[in-house]
Amino acid sequence: MAINYNIPEYDVLRDPQRCIACRVCERQCANEVHSFDPDSGTMKSDESKCVNCHRCVALCPTHALKIVKNPDTFRLNAYWGQNDISEIYRQAETGGMLLSSMGNPKPYPIYWDKILINASQVTNPSIDPLREPMETRTFLGKKPGAIERNPDGSIKTDSLPPQLKLEVPILFSAMSYGSISYNAHQSLARAAQELGTYYNTGEGGLHEDFYKYGPNTIVQVASGRFGVHHDYLEAGAAIEIKIGQGAKPGIGGHLTGAKITDAVSRTRMIPKGTDAISPAPHHDIYSIEDLRQLVYSLKEATEYKKPIIVKIAAVHNVAAIASGIARSGADIIAIDGFRGGTGAAPTRIRDNVGIPIELALAAVDERLRQEQIRSNVSLIVAGGIRNSADVVKAIALGADAVYIATPALIALGCHLCRTCQIGKCNWGIATQRPDLVKRLNPDIGYKRLMNLVSAWQHEIMEMMGGMGINSIEAMRGNRLMLRGVGLNEKELEILGIKHAGE
Amino acid sequence: MNRIDANGRDFRALNEEIRAAGQEILIENCMGQRYIAAGMSGVSLTIQGIPGNALGCYLNGGTIRVHGNAQDQTGDTMNSGTIVVDGSCGDATGYSMRGGKILVRGNAGYRVGIHMKAYREQQPLIVVGGETGSFLGEYQAGGTIIVLGIGSEKKAPVGNLCGTGMHGGKMFLRAEELPADLPPQVAASKATEEDMAEIDGYLEEFCAAFSMEKQSLFDRPFYVLRPNSANPYQNLYTFN
Ligand code: SF4
Ligand code: SF4
């Protein structure tokens, strides 16, 4: 047998005094780490297969298990880290490109954590959200350039372009059925409906059971057009054209044939077992003019009743690209930062391509304002929102709303083990294996999502109240409410904020 | 039959008129209006003149007959229905179509049938009477593409890199010989009797649409192109 050069990343510590050999861990671990040894009557583990998803830890009835970072390392080296070495071993063994999942885990700067939020003192008093009305409702879509009135003086609303109405400025970001499970999708759909917001099908089509959530659904159209047909377009409240994704800018979607099970094949509308390939370029789009054609073909097909979203990854010249998109007829631009998650992305792309969403957002908002086309579109930002403070900062930097995906999955039980690409998610999220999928109970899942978003909503209200602001609309683009800490001149300039103390 | 004079209409107004006009419609003086019949089903449309890009995009049934040429992306993402073009078609004809038929008497541009896919009883078909440009059937995942090369002086009536990324479906080329630069994902051979029986009905339909003799097509050999694998990229990656 060939030598495996890599050492296990984690150690499985089992307290023999606590372990009762009930074999729960063995049944729970799809990675087959645990096994029962009938001779000794004890549990054994093969930690080389462990991905540190904590499923066994959470389910062990006697708390006998601990997963810890393996203290064994290659010889320490300040330049050649453990990962650098083991990735080379992996590639030398297989000749393959490295494939990872979830978002970029590298220690790049986190601008959210270098931005602080204002609060009122003495003058312009703060508002108590428990007592005073506080508006978190917002509308996404193209806004008219001027107010038009009817003969009786009332404001004309019948000619308004289509809008998405959100009770809270948080939507669930695109995750396809196929990359995540049926139960995960159902949890998102139901939570979106209850919360008065939207979830996004991703590019995998819409399962027949979920058409009923259509008024709270954004349907996606990507280059491979999986599952796209007239009823699908009609089913959604809005249509999103996926140009790019923050986790893998410049790379398309590719769901391997192994994940195209019967049910996934039905929603993607392709035969079971064939690869679903959505290449990065839409081969019909080479310019903003071509993009405009796709935007308008979708508008024509749905009779101008639905806003069209164009989603792009945050890349170097994102502001210029967004400016083009704002002129393409799109109603909403979604920008996905480099921390955005994914079911599978080449490691090198995930970790090295794209830019932070904070900078991209500030640059885009500024550019659209300068060109006086900001009201042509709404901006949704995605890729790296971790909590309600990030949401508040994003809105004050100029976003109309945020997309969340990783926080939603974490609410459903995801432990960020970052091995979605393997398809054996022990939490029933990033998998199609029926025995694993059923571990996620959508009746509980949708409530956990609702809890998360309502908790954030209350926190957002608290922060708004503290600033003396009582509506999301008044906070949007209100960069005076933000200050930077530990940022250089250039970073402050791009973010359009002052340094703390100024 | 309802007549619509397209002269001076923009695409939005024209589509609104089509939606209001009932089932049998004749459009006269068509002059480049895009997205005609987008997402519609059950209309029978005859077009005189030249429709613009994305004719019959997301089409969900019904028939469209063009007495003239069509432009780029005819039948983009169509699900069912029939589009018959008396003249030629532009690039990306039948982009990602999943069902229905596109019959083109003349030539068609680049990337014809890109992302074409099939699903259960939905088996899309594109027949091009003349030649096509490069990247025919790029990423083809299902369905049938037939290129007849009628009047073509080339040995194979297609451009470069036919079938790049193909992982499903079939292509039939009526050709003296196979294109020289077929990518490795494609396995090609002379069509067998069985293969020909499979497309006999399609050829019949094409010839009937343009009043041609089916027999006249058999003076040249047919080649059939299939993908080597339904999972062309499975060995590309290693889990990290
Ligand atoms: S992979 Fe998960 S379930 Fe399996 S041993 Fe490791 S932590 Fe436990
Ligand atoms: S979704 Fe599942 S596999 Fe992916 S990171 Fe979360 S727990 Fe791990």
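Cβ atoms here come from the backbone N, Cα and C positions, even for glycine.
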[4Fe-4S] cluster 1 site partner of A:Cys19, A:Cys22, A:Cys25 (as recorded in TrEMBL), chosen from A:Cys53, A:Cys60, A:Cys414: A:Cys60
For A:Cys25 ([4Fe-4S] cluster 1 binding site): intrachain residues, at least 6 apart, with Cβ closer than 8 Å: A:Val33, A:His34, A:Met43, A:Cys56, A:Leu59, A:Cys60, A:Leu65
Chain residues outside the domain '4Fe-4S ferredoxin-type' (A:10-39) and at least six past its termini with a C-beta under 8 angstroms from it: 45-47, 49-53, 55-56, 59-71, 424-426, 431, 433, 436
Assigned conformation of A:Cys25 ([4Fe-4S] cluster 1 binding site) - DSSP reduced to three states: helix
Candidates A:Cys29, A:Cys50, A:Cys53 (binding-site residues) - the one closest to A:Cys22 ([4Fe-4S] cluster 1 binding site) by CA: A:Cys29
Among A:Cys22, A:Cys29, A:Cys50, A:Cys53, A:Cys56, the binding-site residues whose C-beta sits under 6 Å from ligand 1: A:Cys29, A:Cys50, A:Cys53, A:Cys56
Distance, A:Cys19 ([4Fe-4S] cluster 1 binding site) to A:Cys29 ([4Fe-4S] cluster 2 binding site) (CA atoms, angstrom): 16
